[in-house]
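Annotated in TrEMBL:
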- K15, P16, S17, G23, N24, G152, E153, D154, V192, K201, M202, S203, K204, S205: ATP binding site (BINDING)
- 16-24: motif ''HIGH' region' (MOTIF)
- D140: L-tryptophan binding site (BINDING)
- 201-205: motif ''KMSKS' region' (MOTIF)
Amino acid sequence: MADNAFTPRVFSGIKPSGGLTLGNYLGAIKRWVNMQGPDFETVYCVVDLHAITVWQDPAELRHATREVAAGMLASGIDPEKSILFNQAQVPAHAELAWLFNCVARLGWMNRMTQFKEKAGKNAEKQSLGLYAYPSLMAADILLYHATHVPVGEDQKQHVELTRDIAQKFNHDYGVDFFPLTEPVIEGPGMRVMNLRDGSKKMSKSGESDMERINMTDDADTIAKKLRKARTDPEELPVSFDGLKNRPEAKNLVEIYAALADITPDSVLNEYGGEGWGKFKPALADLAVEKLAPISTEMKRLLDTPDEIDAILARGAEKAEAIANPILERTFDIMGFVRSRR
Ligand code: ATP
Ligand code: MG
């Protein structure tokens, strides 16, 4: 079946495993805002069930869930245009994930690089959930028959696994039921790197606060973190090719380009030949200009958590209206007796 037989629908999510970073903003939220409109139905989720794959203090989880929702709202996710909810309020996610645990193969899971990175040397001590998490992610996406998933580069492999699960399910049951979802990974800012180590991505759960820019950081903190960001002694090159083998320099140029909505080459047209002493403060000013209004609005929203909770509740109801019929059809296809209807 052609992929376009499905309603064009976007699904994406962020884990409330800490405060939002510039990586989450550029790689995900900023693009989610742009995808709202007539071309797609948009479904955005605070994926709290994913967060508990590593230990979360209950009070912190509750706070982070509202903070991530506030970050999405403050950035321009409009609950009138998009469905915005937290995953734990729609039980169908966990149910479909179980079904997919029985479709996905161990060999596929063993290839997931993110598990290897997150588990490190201590794989035996990790939760089973951390290992199985891509199967829950496939359920998140396919529960809405989502056709497009805007994510950062780090999630590409998991969207590919989602396609493998959809394909195997369709094949095993002789149906054309689940779409083959496309990852949408375009432009600069798809892989924002750690400010202290250009070989690692910026993460909200990373060890040191100095390695990331948080969406709630104030102007002084942003300026300080960028001033201390690792770079090399050379000046900025005049074209993008000159950033080869200079991961930290490339990262800062790409962040500038993504924030300003221009190409990295345009950034270098302006700053090529300049030193970091000029570029870093300009980048700090730009980041503050873009992030300050968002963090101000986030703080305002977080002062009234009841309003956030009400938006999430309404969103969960709208999400269920799409998700539950798809889950029920999945049960029917698989042969479960459901005589309580
Ligand atoms: P954690 O460290 O807990 O995994 P995270 O910062 O990686 O947190 P996620 O909730 O795992 O955030 O991912 C949410 C979205 O943000 C995904 O679409 C992911 O691809 C994107 N994303 C995360 N980090 C980056 C980054 N450094 N650059 C671009 N996009 C990113
Ligand atoms: Mg992550």
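Residue numbering: from 1, along the chain as shown.
Each Cβ is built from the backbone N, Cα and C atoms, and glycine gets one as well.
Automatic prediction, not curation, is the source of TrEMBL annotations.
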If the ATP binders are K15, P16, S17, G23, N24, G152, E153, D154, V192, K201, M202, S203, K204, S205 per the record, what's the largest distance between their Cα atoms, in Å? 19
Binding-site residues listed as V192, M202, least Cβ neighbours within 10 Å: M202
Between V192 (ATP binding site) and the residue listed as 'L-tryptophan binding site', the C-alpha gap once rounded to whole angstrom: 24
Measure the Cβ-based neighbour count of E153 (ATP binding site), defined as the other Cβ atoms within 10 Å of its Cβ. 14
Looking at the binding-site residues K15, K204, which sits with the largest number of other Cβ atoms within 10 Å of its Cβ? K15
Going by Cα-Cα distance, pick out whichever of the binding-site residues K15, S17, E153, M202, K204 is nearest to the residue listed as 'L-tryptophan binding site'. K15
Using DSSP three-state counts, the residues of the motif ''KMSKS' region' (201-205) come to 0 helix, 1 strand, 4 coil
Counting Cβ atoms within 10 Å of each Cβ, the densest environment among the binding-site residues S17, N24 belongs to N24
According to DSSP, N24 (ATP binding site) sits in helix
Under a three-state DSSP reduction, the secondary structure at K15 (ATP binding site) is coil
Note down the number of other Cβ atoms within 10 Å of the Cβ of D140 (L-tryptophan binding site), including every protein chain shown. 26
In which DSSP state, out of helix, strand and coil, do we find V192 (ATP binding site)? coil
